[in-house]
Amino acid sequence: MSILSMTAVELSKKIKEKEISVKEAVQASLDQIEAGEKKYNCYVTVDPEGALAQAEAIQKKIDDGELTGPLAGVPMAVKDNICTKGLKTTCSSKILYNFVPPYDAEAADHLKKAGAVILGKTNMDEFAMGSTTETSAFGATKNPWNTEHVPGGSSGGSCSAVAANECFAALGSDTGGSIRQPSSFCGVTGLKPTYGTVSRYGLIAYGSSLDQIGPVAKDVADCAAILDVIAGHDRKDSTSVARETYDFVSALQDDVKGMKIGIPAGYFGEGLDPEVKAAVLAAADVLKAKGAEVEMFDLGLIEYAIPAYYVIASAEASSNLARFDGVKYGYRTEEYEGLHNMYKKTRSEGFGPEVKRRIMLGSFVLSSGYYDAYYLKALRTKALIKQEFDRAFERFDVILAPAAPTTAPKLGESLANPLQMYLGDIYTISVNLAGLPGISVPCGTDAKGLPIGVQMIGNCFEEKKILRAAYSFQKEHPFAACPGAVL
Amino acid sequence: MKNYETVIGLEVHVELATKTKIFCSCSTAFGGAPNTHTCPVCTGMPGSLPVLNRQVVEYAMAVGLATNCDITRYGKFDRKNYFYPDNPQNYQISQLYLPICRNGHVDIETSAGKKSIGIHEIHMEEDAGKLIHDEWEDCSLVDYNRSGVPLIEIVSEPDMRSADEVIAYLEKLRLIIQYLGASDCKLQEGSMRADVNLSVREVGAEKFGTRTEMKNLNSFKAIARAIEGEKARQIELIEEGKAVIQETRRWDDNKEYSYAMRSKEDAQDYRYFPEPDLVPVVISEEWLEEVRSRQPELRDEKMARYRREYDIPDYDIEILTGSKHMADLFEETIAICGKPKEVSNWLMVETMRLLKEKNQEPEDISFSPEHLAALIGLIGDGKINRTTAKEVFEVIFAEDVDPVAYVEEKGLGMVSDDGALREVVENVIRDNPQSVEDYHAGKKKAIGFLVGQTMKAMHGKADPAKINKLLAELL
């Protein structure tokens with residue numbers, strides 16, 4: 001078994017058993033990056049010197065018995081909207097092209113303390129706005145399963161890097177599906193935790209009330225191991241929740257007997273690709289065969305999720321992105337006359353079209369006279385959607401759905417019609433609006449050989465249930481390595 | 001000219017006396033080198049998040065309780081969006097929809113009588129940084145040390161009708177807040193700032209006139225002048241048949257005129273919305289009770305108690321309680337040495353005289369109650385006389401010296417050796433036969449001269465009562 005084909009948990013075991021050194025693992029990843037980046041463009045920044053230096057320090061701590069956890073020595077990547085001390089963090093935007101944070105995001109700090117080696121920062125849609133990773137100011141990332149296709153987004157760099165074996169696992173962020181949808185497109189496993197589980201401190205905000213950091217990995221076991229490390233109550237994030245336990249690995253049991261699984265009938269109607277539909281329903285059958293009780297049900301308000309999401313996320317974004325003004329850090333236009341002109345030119349040149357579109361939309365819905373009609377109404381819709389899920393979870397342990405209506409589209413197809421692209425978020429967005437945990441697990445490929453993901457959604461703070469369901473499913477249906485990834 | 005009435009409402013910003021900022025743990029101390037009291041949060045770095053300082057909420061609650069407000073039990077913060085470099089996030093975290101206090105009032109008294117001034121709301125917010133223009137380099141620099149310093153904004157109802165009422169209201173607020181320890185409320189230093197909303201209307205009119213908002217008012221005197229100036233300007237416009245424009249104006253106290261800053265038409269749309277990075281401020285019954293139980297004695301209560309407990313005139317009570325610092329000093333001193341009347345006298349007469357001389361406020365008093373009490377003790381024990389005591393007090397006032405050590409060191413103590421004093425008195429009687437004769441002839445005033453001569457010979461260090469006693473005995 002080659003180093004790169006291992007999962008994170010398998011690798012750390014081999015490292016602890018001294019069969020593989022941390023340096024070997026890091027070097028293997030760096031070589032893979034070297035070979036793969038020409039084709040995929042998963043990373044904005046790769047930090048070979050830093051990674052090798054970390055490898056040495058971590059190896060020593062492992063040898064001294066200081067580091068014993070399942071991420072010790074594992075080469076990982078971090079999405080480029082998660083601050084890393086001393087390592088450029090750009091949000092794939094020109095406006096932050098040179099920003100080097102003087103602090104680590106809480107989640108990155110947890111990874112480092114657990115002994116993960118940070119290889120670099122992964123590409124994304126600019127400020128996490130997009131579903132294809134094509135809105136990056138540093139070029140699109142390509143899907144390792146077929147480089148004519150997008151990897152999805154916005155955590156497309158993280159998901160394609162895992163699929164291409166350019167890292168063992170990665171951190172992504174999910175505001176409306178940005179972990180689950182690209183995981184589905186890249187054939188990897190990605191989990192969006194309950195809002196408040198992973199600290200947002202140091203995550204460069206897009207939609208603050210929806211953003212959540214989560215793991216992207218080869219399989220469910222790795223996701224649980226990473227979540228164990230990154231989750232925790234953080235006083236620096238007021239929206240962080242003090243949970244009773246942060247042990248997720250114990251949920252990895254191959255047992256779904258008696259588990260009640262609901263399938264929202266409304267998710268399987270018009271707009272869903274037949275091949276995706278078949279694969280997802282087949283996944284439900286796998287769980288049924290293992291003893292789960294699977295039932296179709298009606299989930300209300302599905303059609304209101306997308307408009308509510310785009311109003312709330314854009315409103316928050318319009319304010320969150322106001323700080324990028326050329327005054328304190330990042331890009332500043334070269335020539336300007338006076339303050340107003342500096343702001344205008346800096347922001348016009350620094351932001352890409354999708355970001356501008358959402359800033360304009362957000363500014364509009366918050367403006368005087370429109371606030372009640374749009375923003376307030378969207379907040380009420382959000383509350384009602386949460387109630388719909390509350391009702392569903394009175395009956396079900398897990399809700400099973402597609403992660404996306406299609407497999408990965410071709411490069412260049414999506415941006416031409418942003419509204420169509422927004423509609424692709426239909427299955428993931430409600431989960432963010434309701435603050436729920438969701439996981440996307442590979443469940444097959446379409447006729448073109450592109451991966452399909454099945455999404456499992458849990459009630460708030462019930463990651464363990466979806467981890468158990470996903471783990472049980474993966475026992476029957478192990479993840480497939482990306483055939484195109486050079487090994 | 002018709003009869004006009006002035007309608008005034010105030011927006012008062014008060015900087016709270018917390019040690020740390022409202023959303024991070026940076027110091028609020030004045031005077032640090034630029035950008036030394038800063039962190040990722042108060043400089044708006046990407047990914048940073050605010051965490052509410054509990055003390056800010058408690059101060060705001062305390063001020064709300066003291067001004068008879070309803071305390072909002074489920075409150076929120078909102079973002080006020082506008083671009084300016086002193087505002088690092090380009091939004092200010094403030095409260096619009098659910099401010100912490102509402103529907104309060106304070107009672108004032110002016111020559112026009114007693115009146116209740118309504119408080120519309122009090123909300124919490126963060127201060128901005130400071131822009132410094134570098135003439136040499138021709139560029140602007142920003143100092144974020146003040147960014148994130150906690151403020152409360154107290155918004156009154158348009159209940160005031162004169163500059164007198166405005167000053168009485170501000171004095172009242174200032175004393176309440178100082179007594180609570182929530183702020184030092186210094187207008188000159190900007191820890192208390194008042195914006196004046198003013199309109200005029202014909203007496204008896206039901207509708208309010210168009211108002212203007214005046215900023216840059218740095219003292220009570222400037223506020224009074226600005227009100228008179230703006231009132232006159234608006235009346236003149238109306239008399240000329242012109243319209244008052246709703247706008248923000250900047251008061252120039254040197255020129256005694258206000259200048260238009262921006263009109264309603266260019267007013268910004270702040271696009272307020274609930275701050276998603278903070279959770280709602282939920283105030284439980286227990287928390288509210290806890291803050292309520294800690295409320296200190298406020299001025300009105302203190303005045304009533306002084307009247308009850310101490311035999312001092314109302315005027316003195318007024319002055320003593322007119323500054324929290326002064327009242328504290330008074331109470332701390334009598335806790336050591338008793339004698340409220342004597343302590344009050346030292347504060348009312350000598351202290352006030354020296355403050356006036358040095359152009360200082362009662363808040364600037366720097367001597368300790370221990371040293372004033374010790375001085376009073378020296379007088380009581382007959383160690384020094386009053387003339388000496390006044391000299392020593394000046395040194396205490398200026399340098400807070402220990403009077404016991406000072407009197408000892410400078411040899412100012414009265415001679416308590418009766419034998420030595422008797423000898424001097426005998427000498428004075430011998431050397432002044434004319435006065436002795438006058439005394440015996442019934443000119444009782446002559447004894448005054450003999451006391452003076454004795455005191456002179458004693459270099460002022462004798463007890464006048466003892467001299468009188470000895471003279472009466474020896475003559």
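Just so it is clear, glycine is given a Cβ too, placed from its N, Cα and C backbone atoms.
Unlike curated entries, TrEMBL annotations are predicted automatically.
As given in TrEMBL:
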- A:24-467: domain 'Amidase' (DOMAIN)
- A:LYS79: active site, charge relay system (ACT_SITE)
- A:SER154: active site, charge relay system (ACT_SITE)
- A:SER178: active site, acyl-ester intermediate (ACT_SITE)
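According to DSSP, A:LYS79 (active site, charge relay system) sits within a strand segment. The distance from the Cα of A:SER154 (active site, charge relay system) to the Cα of A:LYS79 (active site, charge relay system) comes to 9 Å. The residue listed as 'active site, acyl-ester intermediate' is 11 Å away from A:LYS79 (active site, charge relay system) when you measure Cα to Cα. Around the Cβ of A:LYS79 (active site, charge relay system), a 10 Å sphere holds 35 further Cβ atoms from the protein chains shown. The Cβ neighbour count for A:SER154 (active site, charge relay system), using a 10 Å radius over every protein chain in view, is 35. Averaged across the domain 'Amidase' (A:24-467), the predicted model reaches a pLDDT of 97.
Within the same chain, the residues at least 6 positions away from the residue listed as 'active site, acyl-ester intermediate' whose Cβ sits under 8 Å from its Cβ are A:MET124, A:ASP125, A:ALA128, A:SER131, A:GLY153, A:SER154, A:SER155, A:GLY172, listed in sequence order.
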